[in-house]
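Listed features, source TrEMBL:
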- A:Ala27, A:Gly28, A:Ala29, A:Gly30, A:Ser31, A:Gly32, A:Lys33, A:Thr34: ATP binding site (BINDING)
- A:6-283: domain 'UvrD-like helicase ATP-binding' (DOMAIN)
- A:284-590: domain 'UvrD-like helicase C-terminal' (DOMAIN)
Amino acid sequence: MQNLLHNLNPEQLAAVTLPAQNALILAGAGSGKTRVLTTRIAWLIQTQQVSPAGILAVTFTNKAAKEMLARLSAMLPINTRGMWIGTFHGLCNRLLRAHYRDAGLPQTFQILDSADQLSAIKRLLKSLNVDDEKYPPRNLMYFINNAKEEGLRAHEVEAYDDFNRRFVELYQAYDDQCQREGVVDFAELLLRCYELLSRNQPLREHYQGRFRHILVDEFQDTNNLQYKWLKLLAGDHNAVFAVGDDDQSIYAFRGANVGNMSAFEREFRVQNLIKLEQNYRSHGHILDSANTLIANNRNRLGKNLRTDAGHGEQVRVYEATSDLQEAQWIIEESKSLISEGWSRSEIAILYRSNAQSRVIEHALFTAGIPYRVYGGQRFFERAEIKHAIAYLQLMDNPHNDSAFLRVVNFPARGIGARSLEQLQDAARQHGLSLYAAVPHVAGKAGTSLGAFVKLVEAMRFETQNLPLQEMVKVMLEMSGLIPHYQTEKEGADRIENLEQLVSAAMLFVSEEGFGIDTPAFLGPKTQAVAGAPLLVSEDGTEVLDADAPLPAVMSPLSAFLSHASLEAGDNQAQAGQDALQLMTVHSAKGLEFEAVFITGLEEGLFPHENSAKEEGGLEEERRLMYVAITRARKRLYLSFSQTRMLHGQTRYNMKSRFFDELPEESLKWLSPKVQQHNWFGSPRKSAWDDAPESGANTIAQSFARKDLGWRIGESVSHQRFGEGVIVNIEGSGANCRAQINFGKHGMKLLDLNVAKLERVG
DNA sequence: CGACGACCCGTTTTT
DNA sequence: CGGGTCGTCG
């Protein structure tokens, strides 16, 4: 125990050793949040306040769950298998698998990822002859997911007008389709589980009685349904230990509700609120910048990070003339960091939106510096993998129409649109799945469709007693996927990926205990079963507690398919090599680097222009900036550019308002703030007017002399609107007007003969 | 049935 | 500008 607790600071120690009551831990960036969470669990177990089976720890990402498990295994000598540590979705999946009957699901229900969900919706709209111009599939998807995340079924959603009523009807139709096909989307996983526990009292009481300690990571990211789910499981007697940081709430756009933190404090009658404000990551100037910036937000729970690390270096600020030149500067700066001995993987280049990476990538590529971009396509999202998964899905549950349609004619077997139309008609007529409707189709179409059904049956029969990885191998051959890609000239990469799928299956079997004879499987898991009470299902049959070994609850194939949907796999293409790290600010959350570049700090980009329209949008952008700043340990660079190529045209942006919210004494302006003169003799606040970059040339060309001596790209000041940049000038003489970007005051069209503008510089 | 061209649109993302 | 989708040809 001494070991566990030593080296904790007083606040951390207080949090770890709190009594078994609800608690809210406000954990600032770099304050040792994960450490507190895992040490808390270890301490509870080691002091025998709870058995491993009494722990429920919830995270948002698989990565976080894995890390927690890994740290725990290092801390505790015991087997961690009895503990429930996972994502909201993973845990709900597990509960639904164990209690599929009570949840009203088929045993082999399958999980739709977002892409699957969207195509299911498109298919629905088509089958109902709905105009997808008027009801865009994407909007319907948002509508459905939002409703589900509020815990609302179609019949509970208020239809306030005809348009909205149609959405509600389509929501109902979508749920019916999913039920018919035996599939659930991500939000459904949570909602179905919530409904299961709220309707089924014995089940609810069983799990409430079991999970005496519920621990939640990244609490600020919970949505309303997750909050309700936690409240339900907590009941009146369990202790919820919620860890989060309201200042790092950056996912409101996908349903996260920061308000859950104060709601939690109130509704769970939190007596124990502990702030972790000691930062172990960043040097002083960096931390001061973060603190000063975030102090501009209202509605905070309130927190100020401190460090013992000393001031360190100032934050370096750079003004570029063009996005190209900004990229070049980043490369030069990185090069000198690297030559000073900084490791490439400890340097991160962050941007607000993915589109910004292009220029930087290009410059890095030209300079021959290895880099890695996060956020691309993930393993299980690749087309060939999706095809293979569809075959596996059909083998497990042939009524999955999405899977059926994906591969019924891939590789091509002469089943065209007209055959499928006949089949879909027959299915609708008889209320059957496509698979089941095949016998109702006559003629040539019926024959080829029948052959496909026979193929699926054969794959199922041939593989029924094989280990998972063999099953995948056989499927790849019998389905014709491998032969197909062998004849394709660009198929080599795809075959390689398909082979990786076999490896993934093998790895899954060994890690998840689906290797039937492994000692890990027979050991602690059987004990768990013996100790777990049998539960009586609503239909009177006995079912196992959901911590029965997974093979007792679902087949290896079902489990692997869940895994493929819930954990789409890594999205890092070129792993291994020491490379610069490129990513959006969002994906940088939770990571840290020695040196960080925050790029494109311009009005309209960061803060993003769309954020102005949203309620609380600017505050979320500011939190995003806060997250970005707090990623850096020792060195932080901030950069912006006067011009930027976006959507095929040059934009003239003002520097981000966030610069005005940073402490001046912590900043060091690299590009001198001196007035210089360009070719036209007009001043422009910049040190780079002679930069021979193409971006600068674009400006030069657009500097064709307009009337009254004003120029595109020039910085001006207006009595009411403050500082702005001239974006365009139209007309001439008495009719000369300028379009000016006044940043937070927006774009204005001003008559240059009337407006009182002053040059800035 | 596949290839190619017109056209549209453009934050952030995990499960 | 560039990626993705849709529709029309061969």
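Note: Cβ is positioned from N, Cα and C throughout, glycine not excepted.
Curation plays no part in TrEMBL annotations; they are all automatic predictions.
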Same-chain neighbours of the ATP site, Cβ within 8 Å of the mean position of the Cβ atoms of A:Ala27, A:Gly28, A:Ala29, A:Gly30, A:Ser31, A:Gly32, A:Lys33, A:Thr34 and not counting those residues, run in sequence order as A:Val36, A:Asp245, A:Leu276, A:Asn279, A:Tyr280
Please work out the number of neighbouring Cβ atoms within 10 Å of the Cβ of A:Ala27 (ATP binding site), leaving out its own Cβ. 29
Check each residue in the chain of A:Gly28 (ATP binding site) that is at least six apart in sequence and keep those whose C-beta is under 8 Å from its C-beta; list them in sequence order. A:Asp245, A:Asp247, A:Lys275, A:Leu276, A:Glu277, A:Asn279, A:Lys303, A:Leu305
Could you give the mean pLDDT over the domain 'UvrD-like helicase C-terminal' (A:284-590), rounded to a whole number? 85
Return the residue, from the listed binding-site residues A:Ser31, A:Thr34, with the maximum count of other C-beta atoms within 10 angstroms of its C-beta. A:Ser31
Residues near A:Gly32 (ATP binding site) by Cβ (under 8 Å) yet at least 6 apart in sequence within the same chain, in sequence order, are A:Asn9, A:Gln12, A:Leu276, A:Gln278, A:Tyr280
A:Lys33 (ATP binding site), number of other Cβ atoms within 10 Å: 23
Ordered by sequence, the long-range same-chain Cβ contacts of A:Gly30 (ATP binding site) under 8 Å (at least 6 apart) are A:Asn279, A:Tyr280, A:Arg281, A:Ser282, A:Leu305, A:Glu592, A:Thr630
Which number gives the other C-beta atoms within 10 angstroms of the C-beta of A:Ala29 (ATP binding site), all protein chains shown included? 25
Secondary structure of A:Ala27 (ATP binding site) (DSSP, helix/strand/coil): strand
